[in-house]
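A.B. asks: Pasting a structure below so you can have a look.
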Amino acid sequence: MATAATSSNMPVLAALTTLLLLAVSSCHASPYYPLELGYYRYKSPQAESIVKAVMEKAIGENPGNGAAVIRMLFHDCFGCDASVLLDPTPFSPTPEKLSPPNNPSLRGFEVIDAIKHALEAACPGIVSCADIIAFAARDASFFLSAGKVGHFDMPAGRRDGTFSNASEPLKFLVPPTSNLTTLVASFAAKGMSPEDLVVLSGAHTVGRSHCSSFVSDRLDVPSDINAGPAGFLKRRCPAKPTKEDDGGAGCCDAE
Ligand SMILES: *[C@@H]1O[C@H](CO)[C@@H](O)[C@H](O)[C@H]1NC(C)=O
Ligand SMILES: *[C@@H]1O[C@H](CO)[C@@H](O)[C@H](O)[C@H]1NC(C)=O
């Protein structure tokens, strides 16, 4: 929920590494295309450095771009096929981009476009958008933490999907109102432990969230949230926020 990376965010940012490794292992579970370190070393040797340079610029302009791309990897990666980027087509008329967990809050699409554009100039038709999202989120954790989360190896070789269905995120991405029982069960359904849940949730707290996603059942009820952060959030959020209070598209990353 922090607006930008500060030193007090370091434990959270450290958790990003584990988040991204989780994302890797869920991708890796695909029997069809095992991921590989240095996948582009012959076909596009500068690919990873091009991604990193564009991310550095985008985060320099707005640290929220880093948080946005980390959330995008999470939302893409119970599939890791970049299908979260798809606009409606006749073949895929209701893509997951239009699903409530993504629309209108998912953002950073123009950052991915800028990276893709730079890569197409260097090595046309080689680097998948799914790998771009994964590299970009890895680099976001590096820049948002000012290098405290070191550069780590990200396997690649993901293929881009051409179809997605807006009903899928609703089935698999847990809503912010879930209680602990539901959260633990939803992660277990994806082969993840309660520890994975804590790590993923912690990694997710970089960026901004909608007031309407946590006031009614987290702030406006007796809770054990520390008084300091609770008071800070109460001052920033209306007592009964609606989606209209939230700032609309491009506002938020943590949900
Ligand atoms: C998306 O999934 C839903 C529920 O499984 C299904 O009813 C719908 O036909 C699917 N949409 C497309 C375009 O395949
Ligand atoms: C958690 O939420 C689920 C789904 O809404 C509900 O069925 C369950 O009773 C809740 N559990 C607790 C402990 O509140």
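Cβ atoms here come from the backbone N, Cα and C positions, even for glycine.
Just so it is clear, the model here is predicted, and its values are computed rather than measured.
As annotated in TrEMBL:
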SIGNAL    1-29  signal peptide
DOMAIN    34-255  domain 'Plant heme peroxidase family profile'
SITE      Arg71  site 'Transition state stabilizer'
ACT_SITE  His75  active site, proton acceptor
BINDING   Asp76, Gly79, Asp81, Ser83, Glu96  Ca(2+) 1 binding site
DISULFID  Cys77-Cys80  disulfide bond
BINDING   His204  heme b binding site
BINDING   Thr205  Ca(2+) 2 binding site
DISULFID  Cys211-Cys237  disulfide bond
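What's the neighbourhood like for each of these?
C.D. replies: On the 0 to 100 pLDDT scale, the domain 'Plant heme peroxidase family profile' (34-255) averages 90 in this prediction.
The secondary structure of Arg71 (site 'Transition state stabilizer'), as reduced to three states from DSSP, is helical.
Neighbour density for Asp76 (Ca(2+) 1 binding site): within 10 A of its CB lie 28 other CB atoms from the protein chains shown.
According to DSSP, Cys77 (disulfide bond) is assigned to coil rather than to any helix or strand. Cβ neighbour count for Cys77 (disulfide bond) (all protein chains, 10 Å cutoff from its Cβ): 23.
Look at His204 (heme b binding site): DSSP puts it in coil.
In this structure, Cys211 (disulfide bond) is part of a helix by DSSP.
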A.B. asks: For Ser83 (Ca(2+) 1 binding site) and Cys211 (disulfide bond), what Cα-Cα distance in Å is obtained after rounding to a whole number?
C.D. replies: 28
A.B. asks: Far apart in sequence but close in space: which same-chain residues, 6 or more away, have a Cβ under 8 Å from Glu96 (Ca(2+) 1 binding site)?
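C.D. replies: His75, Ser83, Val84, Leu86, Asn102, Ser164, Asn165, Ala166, Glu168, Pro169 - these are the non-local Cβ neighbours of Glu96 (Ca(2+) 1 binding site), listed in sequence order.
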A.B. asks: Can you check which residues sit near Gly79 (Ca(2+) 1 binding site), meaning Cβ under 8 Å from its Cβ, same chain, 6 or more apart in sequence, and list them in order?
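C.D. replies: Expected: Gly161, Ser164, Glu168.
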A.B. asks: Return only the integer: C-alpha distance in Å from Cys237 (disulfide bond) to Thr205 (Ca(2+) 2 binding site).
C.D. replies: 17
